[in-house]
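The block underneath contains the structure these notes are about, expressed in structure tokens.
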């Protein structure tokens, strides 16, 4: 009997904090709810007063136009997938190998190179936009997807993340294997790499989100619509007056955030870990 | 420490169990270089060369149209100009206001949210995920949505404000007074969940025995927070203030998308001013100088904060 009372008290206690938090959470989601609601409306109904959350005349038209219309986002979506895939693969492979060597192989010049990496790590990407613009023009890579892919494949930050992991792993495995005559590649491939898969997938998630959401680099390095990545193509949906069409731009936005949301929902724990450990978006 | 064997020549035999195999317990130098080569070459080509270029460019006057022959070396002139440029100082003030308001707000609200989420509340994991989502969504999707939410006449925000009895709702992005606060609102909304999650992981390490002892002593909630919780959150707070400040002083995506620095120059923060100078006016030398000054300024502020925090930690 007292147990029942106590548990009822505990439940009330939980909701005392829980209820306001849930109200706040719903308010936080309101912009996304608005996005979805507007995506199913006609432009004329977008700004009714009072706001109409579930449209009476709900329609898939906006999604149809955005996906299959004249200025479909599908090619830009494909470009984004291509860029993200190469960046993720490139960054994970090169950062894992380099991070491992910086942590677990002793060689002449290693510490000098590492100092160079340290110095480069604090440089903001925005500072490099002007020289990269000039540089990719001279290389003939301006306005190609390679201008977005190449800098993302070889990163100092990813190397740090991987080095930090390998440094925390015991060196004795490598020493024992060397005595047994294993080659450096075998030591890396058979012993250390299997231990590193969680960190590698965390880095992969980060690389994917950075690549998928990147707006500033394409804004500077891409000019023709065929080469647009998704963030560039989203803001192009205008109505007859030339102002942003609410339904089309919201439908396009909703489609564009699906991949990141899926990765987030499926790999939530690792995702949050990866993002909070680096402090970099 | 590293034993360097000239490649090809046999290394001095090391006395080990297995005997004659060269360099058994030390890998050869080139093996290490081979591992870092793919990353190193890429970093040299796509980060280091641009980095050296931006430093060099900041001492030149150059617009793209004149070609490489048109690069004029002007010494420190750009830097002198930067410090005498009223538009630059306007951007400095705007950046400091933007970061100075949005960063502490995000941090304080994130801490409150983190403390609330650290309690036993129904659906905790779902709540945490919901608050984190704005942080991972692209700035373009977020920007366009908020632009419409903040529509001065019919946007949802002003509808709500009107329903609450506010007569003259702000015109947000249509007003040179309200555009910067509007950007701050978006920044706080998208960063609070991230800050809360960082605080949550710090709270997980909080010393439970101390709380039990405090309960026995009959300490109140505020005392427990002040004496036990807050000291354990100081490093996290400094980390957040620094990383959020760095972020706030570098991004121009939202501004380029929504306001293009306006109305007037009311949202031309430093990174956007650099972007504008470089890619709208094609003054690469001057843009590089603005970028360099911004970077060095942020770096100096970061180092000062870090030292102050370390000094305080040593004092305590």
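The backbone N, Cα and C atoms fix where each Cβ goes, and this holds for glycine too.
Among the features that TrEMBL reports, region 'Disordered' is placed at B:1-24.
Here TrEMBL flags B:30-59 (among others) as transmembrane segment.
The domain 'ABC transmembrane type-1' annotation in TrEMBL covers B:92-305.
Summarising the annotation, TrEMBL assigns transmembrane segment to B:96-117 (among others). For the transmembrane segment (B:96-117), the list of distant contacts is 124, 127-128, 131, 180-181, 183-184, 187-188, 191-200, 202-203, 229, 233, 237, 240-241, 244-245, 248-249, 269: same-chain residues at least six beyond its ends, Cβ to Cβ under 8 Å.
The feature transmembrane segment is assigned by TrEMBL to B:129-149 (among others). Among residues of the same chain six or more beyond the transmembrane segment (B:129-149), those with a C-beta under 8 A of the stretch's C-beta atoms are 113, 117, 155-157, 173, 182, 185-186, 189-194, 196-197, 251, 253-254, 257-258.
The transmembrane segment annotation in TrEMBL covers B:178-200 (among others).
Positions annotated as transmembrane segment by TrEMBL: B:238-261 (among others). For the transmembrane segment (B:238-261), same-chain residues at least 6 beyond its ends with a Cβ under 8 Å from one of its own Cβ atoms are 95, 98-99, 102-104, 106-107, 110, 139-140, 142-144, 146-147, 173, 179, 183, 186-187, 191, 195, 198, 267-276, 294, 298, 301-302, 305-306, 309.
Counting same-chain residues at least six beyond the ends of the transmembrane segment (B:281-306), those with a Cβ under 8 angstroms from any Cβ of the stretch are 54-55, 57-65, 72, 74, 78-79, 81-82, 88, 238, 241-242, 245-246, 249-250, 270-271, 273-275. If you look up TrEMBL, you'll see B:281-306 (among others) marked as transmembrane segment.
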